[in-house]
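The domain 'G-protein coupled receptors family 1 profile' feature in TrEMBL is assigned to 41-290. Residues or ranges marked as transmembrane segment by TrEMBL: 25-48, 60-86, 92-118, 139-158, 196-221, 242-261, 273-292.
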Amino acid sequence: METGNYSGVTEFFLVGLSQYPELQLFLFVLCLTMYLIILLGNSLLIIISILDSRLHTPMYFFLGNLSFLDICYTSSSIPQMLVMFMSERKSISFIGCALQMVASLSLGSTECVLLAVMAYDRYVAICNPLRYPIIMNRVLCVQMAAWSWIIGCLNSLVQTVLTMVLPFCGNNIIDHLTCEILALLKLICSDISMNVFIMAVASIVLLVIPLLLIFVSYMFILSSILRINSAEGRKKAFSTCSAHLTVVILFYGSALFMYMKPKSKDTKTSDEIIGLSYGVVTPMLNPIIYSLRNKEVKEAVKKVFSRHLHLLKT
(Lines of atoms letter the chains of each structure in order from A and count residues from 1; the text may use other names and numbers.)
(Lines give C-alpha, C1' and ligand atoms only; values in the text may rest on other atoms or scores of the structure.)
Protein backbone atom coordinates (compact mmCIF):
# COMPACT_ATOMS: atom_id res chain seq x y z
CA MET A 1 0.00 0.00 0.00
CA GLU A 2 1.24 3.47 -0.80
CA THR A 3 1.96 6.01 1.90
CA GLY A 4 0.00 9.22 1.70
CA ASN A 5 -2.86 11.15 3.16
CA TYR A 6 -6.53 10.38 2.91
CA SER A 7 -6.73 11.80 -0.62
CA GLY A 8 -4.54 8.86 -1.75
CA VAL A 9 -6.97 6.33 -0.27
CA THR A 10 -9.69 5.62 -2.81
CA GLU A 11 -11.06 2.48 -1.23
CA PHE A 12 -11.10 0.46 1.98
CA PHE A 13 -10.97 -3.28 2.55
CA LEU A 14 -13.44 -4.71 5.05
CA VAL A 15 -11.85 -7.84 6.50
CA GLY A 16 -14.06 -8.42 9.53
CA LEU A 17 -14.44 -12.14 10.37
CA SER A 18 -12.39 -13.00 7.26
CA GLN A 19 -10.13 -15.03 9.55
CA TYR A 20 -12.92 -17.61 9.50
CA PRO A 21 -13.24 -18.45 5.77
CA GLU A 22 -15.18 -21.62 6.52
CA LEU A 23 -17.95 -19.50 8.08
CA GLN A 24 -18.42 -17.05 5.18
CA LEU A 25 -21.22 -19.01 3.46
CA PHE A 26 -22.94 -19.67 6.80
CA LEU A 27 -22.76 -15.97 7.73
CA PHE A 28 -24.11 -15.01 4.30
CA VAL A 29 -27.16 -17.29 4.66
CA LEU A 30 -27.70 -16.25 8.29
CA CYS A 31 -27.52 -12.50 7.61
CA LEU A 32 -29.65 -12.79 4.45
CA THR A 33 -32.34 -14.69 6.36
CA MET A 34 -32.33 -12.17 9.21
CA TYR A 35 -32.41 -9.26 6.74
CA LEU A 36 -35.49 -10.68 5.01
CA ILE A 37 -37.16 -11.14 8.42
CA ILE A 38 -36.28 -7.51 9.28
CA LEU A 39 -37.81 -6.21 6.05
CA LEU A 40 -40.93 -8.36 6.36
CA GLY A 41 -41.51 -7.89 10.10
CA ASN A 42 -40.93 -4.15 10.27
CA SER A 43 -42.84 -3.47 7.04
CA LEU A 44 -45.75 -5.47 8.42
CA LEU A 45 -45.76 -3.41 11.63
CA ILE A 46 -45.78 -0.17 9.64
CA ILE A 47 -48.60 -1.33 7.34
CA ILE A 48 -50.72 -2.61 10.24
CA SER A 49 -50.28 0.58 12.25
CA ILE A 50 -51.51 2.54 9.21
CA LEU A 51 -54.42 0.27 8.22
CA ASP A 52 -55.87 -0.40 11.70
CA SER A 53 -57.52 2.72 13.12
CA ARG A 54 -57.19 1.34 16.67
CA LEU A 55 -53.43 1.70 16.32
CA HIS A 56 -53.56 5.39 15.43
CA THR A 57 -52.06 6.34 18.80
CA PRO A 58 -48.76 7.98 19.85
CA MET A 59 -47.32 4.61 20.90
CA TYR A 60 -47.76 3.09 17.45
CA PHE A 61 -46.71 6.30 15.72
CA PHE A 62 -43.34 6.04 17.46
CA LEU A 63 -43.24 2.29 16.86
CA GLY A 64 -43.77 2.96 13.14
CA ASN A 65 -40.82 5.37 13.25
CA LEU A 66 -38.72 2.71 14.97
CA SER A 67 -39.64 0.08 12.38
CA PHE A 68 -38.85 2.43 9.49
CA LEU A 69 -35.57 3.34 11.17
CA ASP A 70 -34.61 -0.33 11.55
CA ILE A 71 -35.32 -0.98 7.86
CA CYS A 72 -33.12 1.96 6.83
CA TYR A 73 -30.40 1.10 9.35
CA THR A 74 -30.01 -2.49 8.21
CA SER A 75 -30.32 -1.54 4.52
CA SER A 76 -27.35 0.81 4.92
CA SER A 77 -25.01 -2.02 5.89
CA ILE A 78 -26.36 -5.56 5.39
CA PRO A 79 -26.47 -5.62 1.53
CA GLN A 80 -22.82 -4.52 1.44
CA MET A 81 -22.01 -7.04 4.16
CA LEU A 82 -23.58 -9.85 2.12
CA VAL A 83 -21.43 -8.90 -0.86
CA MET A 84 -18.34 -8.97 1.34
CA PHE A 85 -19.10 -12.47 2.63
CA MET A 86 -19.19 -13.88 -0.92
CA SER A 87 -16.46 -11.73 -2.48
CA GLU A 88 -12.74 -12.38 -2.48
CA ARG A 89 -11.94 -8.68 -2.92
CA LYS A 90 -13.75 -7.19 0.08
CA SER A 91 -13.48 -3.54 -0.95
CA ILE A 92 -15.66 -0.45 -0.62
CA SER A 93 -15.00 2.97 -2.12
CA PHE A 94 -13.94 5.93 0.03
CA ILE A 95 -17.23 7.73 -0.69
CA GLY A 96 -19.24 4.55 -0.17
CA CYS A 97 -17.59 4.02 3.20
CA ALA A 98 -18.32 7.61 4.25
CA LEU A 99 -21.96 7.29 3.17
CA GLN A 100 -22.35 4.00 5.00
CA MET A 101 -20.87 5.47 8.17
CA VAL A 102 -23.00 8.63 8.10
CA ALA A 103 -26.15 6.57 7.50
CA SER A 104 -25.57 3.93 10.16
CA LEU A 105 -24.33 6.42 12.77
CA SER A 106 -27.25 8.81 12.21
CA LEU A 107 -29.83 6.03 12.39
CA GLY A 108 -28.23 4.46 15.45
CA SER A 109 -28.13 7.84 17.20
CA THR A 110 -31.74 8.50 16.24
CA GLU A 111 -32.80 5.19 17.78
CA CYS A 112 -31.16 6.16 21.09
CA VAL A 113 -33.29 9.31 21.31
CA LEU A 114 -36.42 7.63 19.94
CA LEU A 115 -36.35 4.91 22.60
CA ALA A 116 -36.22 7.62 25.29
CA VAL A 117 -39.18 9.37 23.64
CA MET A 118 -41.12 6.10 23.66
CA ALA A 119 -40.35 5.68 27.38
CA TYR A 120 -41.74 9.16 28.03
CA ASP A 121 -44.87 8.22 26.07
CA ARG A 122 -45.38 5.16 28.30
CA TYR A 123 -44.75 7.29 31.39
CA VAL A 124 -47.51 9.76 30.44
CA ALA A 125 -49.89 6.94 29.44
CA ILE A 126 -49.60 5.13 32.78
CA CYS A 127 -48.85 7.92 35.25
CA ASN A 128 -51.19 10.55 33.72
CA PRO A 129 -53.81 8.51 31.81
CA LEU A 130 -56.54 11.17 31.96
CA ARG A 131 -54.29 13.86 30.49
CA TYR A 132 -52.57 11.51 28.03
CA PRO A 133 -54.55 12.55 24.91
CA ILE A 134 -53.93 16.22 25.72
CA ILE A 135 -50.22 15.94 26.53
CA MET A 136 -49.30 13.52 23.75
CA ASN A 137 -51.14 15.36 20.99
CA ARG A 138 -50.29 14.89 17.32
CA VAL A 139 -48.19 18.07 17.07
CA LEU A 140 -45.99 17.11 20.04
CA CYS A 141 -45.55 13.55 18.73
CA VAL A 142 -44.43 14.78 15.31
CA GLN A 143 -42.06 17.31 16.90
CA MET A 144 -40.51 14.70 19.21
CA ALA A 145 -40.03 12.24 16.35
CA ALA A 146 -38.59 14.96 14.10
CA TRP A 147 -36.10 16.10 16.74
CA SER A 148 -35.00 12.50 17.25
CA TRP A 149 -34.10 12.29 13.57
CA ILE A 150 -32.50 15.77 13.50
CA ILE A 151 -30.29 15.12 16.55
CA GLY A 152 -29.18 11.77 15.14
CA CYS A 153 -28.33 13.24 11.74
CA LEU A 154 -26.40 16.19 13.19
CA ASN A 155 -24.33 13.93 15.42
CA SER A 156 -23.54 11.65 12.49
CA LEU A 157 -22.55 14.47 10.14
CA VAL A 158 -20.19 16.05 12.69
CA GLN A 159 -18.46 12.78 13.60
CA THR A 160 -18.22 11.51 10.02
CA VAL A 161 -16.77 14.74 8.63
CA LEU A 162 -14.24 15.05 11.46
CA THR A 163 -13.14 11.45 10.83
CA MET A 164 -12.97 11.39 7.03
CA VAL A 165 -10.91 14.60 6.69
CA LEU A 166 -8.06 13.17 8.77
CA PRO A 167 -5.05 11.45 7.12
CA PHE A 168 -5.16 7.66 6.85
CA CYS A 169 -1.51 7.48 5.67
CA GLY A 170 -2.27 4.68 3.21
CA ASN A 171 -3.73 2.37 5.82
CA ASN A 172 -7.01 1.22 4.27
CA ILE A 173 -7.71 -2.18 5.85
CA ILE A 174 -10.75 -1.97 8.16
CA ASP A 175 -10.84 -4.87 10.58
CA HIS A 176 -14.63 -4.81 10.81
CA LEU A 177 -17.72 -5.92 8.90
CA THR A 178 -18.81 -2.36 8.08
CA CYS A 179 -17.39 1.17 7.98
CA GLU A 180 -17.83 1.60 11.72
CA ILE A 181 -16.36 4.78 13.18
CA LEU A 182 -14.36 3.05 15.92
CA ALA A 183 -12.69 0.80 13.35
CA LEU A 184 -11.89 3.76 11.07
CA LEU A 185 -10.35 5.81 13.87
CA LYS A 186 -7.77 3.04 14.36
CA LEU A 187 -6.47 3.70 10.80
CA ILE A 188 -5.79 7.41 11.28
CA CYS A 189 -2.14 8.33 11.80
CA SER A 190 -2.65 11.83 13.25
CA ASP A 191 -3.97 13.10 16.57
CA ILE A 192 -7.55 11.93 17.17
CA SER A 193 -8.00 13.44 20.62
CA MET A 194 -10.71 15.79 19.30
CA ASN A 195 -12.59 12.86 17.72
CA VAL A 196 -12.33 10.86 20.95
CA PHE A 197 -13.59 13.84 22.97
CA ILE A 198 -16.57 14.46 20.65
CA MET A 199 -17.39 10.74 20.64
CA ALA A 200 -17.29 10.71 24.46
CA VAL A 201 -19.63 13.71 24.61
CA ALA A 202 -21.95 12.13 22.02
CA SER A 203 -21.96 8.85 23.98
CA ILE A 204 -23.01 10.72 27.13
CA VAL A 205 -25.67 12.78 25.33
CA LEU A 206 -27.07 9.98 23.15
CA LEU A 207 -26.48 6.90 25.30
CA VAL A 208 -26.13 7.76 28.98
CA ILE A 209 -28.65 10.60 29.26
CA PRO A 210 -31.46 8.84 27.29
CA LEU A 211 -30.81 5.68 29.30
CA LEU A 212 -31.10 7.65 32.56
CA LEU A 213 -34.34 9.24 31.32
CA ILE A 214 -35.68 5.78 30.46
CA PHE A 215 -34.66 4.51 33.90
CA VAL A 216 -36.36 7.43 35.68
CA SER A 217 -39.49 7.02 33.53
CA TYR A 218 -39.75 3.35 34.43
CA MET A 219 -39.23 4.08 38.13
CA PHE A 220 -42.33 6.30 38.01
CA ILE A 221 -44.14 3.73 35.86
CA LEU A 222 -43.35 0.92 38.30
CA SER A 223 -44.50 3.05 41.22
CA SER A 224 -47.81 3.77 39.45
CA ILE A 225 -48.32 0.11 38.50
CA LEU A 226 -47.80 -1.04 42.08
CA ARG A 227 -50.52 1.38 43.23
CA ILE A 228 -53.10 -0.23 40.92
CA ASN A 229 -55.50 -2.29 43.03
CA SER A 230 -56.50 -5.05 40.61
CA ALA A 231 -54.06 -7.72 39.45
CA GLU A 232 -55.58 -7.56 35.97
CA GLY A 233 -54.98 -3.81 35.82
CA ARG A 234 -51.35 -4.22 36.87
CA LYS A 235 -50.84 -6.95 34.28
CA LYS A 236 -52.34 -4.82 31.49
CA ALA A 237 -50.26 -1.77 32.46
CA PHE A 238 -47.05 -3.77 32.57
CA SER A 239 -47.76 -5.51 29.24
CA THR A 240 -47.82 -2.12 27.47
CA CYS A 241 -44.25 -1.47 28.67
CA SER A 242 -42.62 -4.91 28.61
CA ALA A 243 -41.97 -4.95 24.84
CA HIS A 244 -40.34 -1.50 24.88
CA LEU A 245 -38.26 -2.40 27.93
CA THR A 246 -37.00 -5.58 26.25
CA VAL A 247 -35.95 -3.63 23.14
CA VAL A 248 -34.19 -1.04 25.32
CA ILE A 249 -32.16 -3.72 27.11
CA LEU A 250 -31.11 -5.37 23.83
CA PHE A 251 -30.19 -2.13 22.06
CA TYR A 252 -28.50 -0.23 24.88
CA GLY A 253 -26.73 -3.34 26.15
CA SER A 254 -24.83 -3.84 22.90
CA ALA A 255 -24.36 -0.10 22.23
CA LEU A 256 -22.92 0.58 25.69
CA PHE A 257 -20.57 -2.39 25.32
CA MET A 258 -19.28 -1.02 22.00
CA TYR A 259 -18.89 2.67 22.84
CA MET A 260 -18.41 2.86 26.62
CA LYS A 261 -16.20 -0.15 27.40
CA PRO A 262 -12.60 0.34 28.66
CA LYS A 263 -9.98 0.26 25.93
CA SER A 264 -8.10 -2.48 27.76
CA LYS A 265 -11.00 -4.82 27.01
CA ASP A 266 -10.98 -4.00 23.31
CA THR A 267 -11.03 -7.23 21.33
CA LYS A 268 -11.47 -7.49 17.58
CA THR A 269 -13.73 -10.53 17.45
CA SER A 270 -16.03 -9.33 20.23
CA ASP A 271 -16.43 -5.95 18.47
CA GLU A 272 -17.48 -7.72 15.27
CA ILE A 273 -19.91 -10.05 17.02
CA ILE A 274 -21.47 -7.26 19.10
CA GLY A 275 -21.61 -5.08 15.97
CA LEU A 276 -23.47 -7.88 14.22
CA SER A 277 -25.79 -8.10 17.22
CA TYR A 278 -26.98 -4.50 17.32
CA GLY A 279 -26.73 -4.15 13.54
CA VAL A 280 -28.77 -7.22 12.57
CA VAL A 281 -30.14 -9.21 15.50
CA THR A 282 -31.77 -6.35 17.43
CA PRO A 283 -33.66 -4.90 14.40
CA MET A 284 -34.86 -8.43 13.61
CA LEU A 285 -36.13 -9.02 17.15
CA ASN A 286 -37.93 -5.66 17.49
CA PRO A 287 -41.05 -6.55 15.44
CA ILE A 288 -41.09 -10.07 16.91
CA ILE A 289 -40.99 -8.70 20.47
CA TYR A 290 -43.73 -6.13 19.82
CA SER A 291 -45.88 -8.74 18.08
CA LEU A 292 -45.57 -11.38 20.78
CA ARG A 293 -45.86 -9.03 23.75
CA ASN A 294 -48.62 -6.80 22.45
CA LYS A 295 -52.22 -7.98 22.29
CA GLU A 296 -53.36 -5.07 20.09
CA VAL A 297 -50.73 -5.85 17.44
CA LYS A 298 -51.66 -9.55 17.38
CA GLU A 299 -55.34 -8.69 17.00
CA ALA A 300 -54.56 -6.22 14.22
CA VAL A 301 -52.47 -8.84 12.37
CA LYS A 302 -55.31 -11.37 12.61
CA LYS A 303 -57.79 -8.77 11.40
CA VAL A 304 -55.69 -7.81 8.36
CA PHE A 305 -55.01 -11.43 7.37
CA SER A 306 -58.65 -12.50 7.87
CA ARG A 307 -59.77 -9.59 5.70
CA HIS A 308 -57.37 -10.59 2.91
CA LEU A 309 -58.42 -14.25 3.16
CA HIS A 310 -62.06 -13.21 2.87
CA LEU A 311 -61.29 -11.13 -0.23
CA LEU A 312 -59.41 -14.04 -1.80
CA LYS A 313 -62.32 -16.42 -1.18
CA THR A 314 -64.82 -14.00 -2.73
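Placed from the backbone N, Cα and C atoms, the Cβ positions cover glycine too.
Remember, TrEMBL labels are computer predictions, not curated facts.
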Subject >> the domain 'G-protein coupled receptors family 1 profile' (41-290) [mean pLDDT, rounded to integer] >> reply: 85
Subject >> Cβ contacts under 8 Å made by the transmembrane segment (60-86) with residues that lie 6+ beyond its boundaries >> reply: 14, 16, 24-25, 27-28, 31-32, 35, 38-39, 42-43, 45-46, 49-50, 92, 96, 100, 103-104, 107-108, 110-111, 114-115, 117-118, 121, 141, 144-145, 148, 177-178, 247, 279-280, 283, 286-287, 290
Original post:
Excluding the flanking five residues on each side, which residues at least 6 beyond the ends of the transmembrane segment (25-48) place their CB within less than 8 Å of a CB in that stretch?
Top reply: 17, 55, 63-64, 67-68, 70-71, 74, 78-79, 81-82, 85-86, 276, 280-281, 283-284, 286-288, 290-291, 297, 300-301, 304
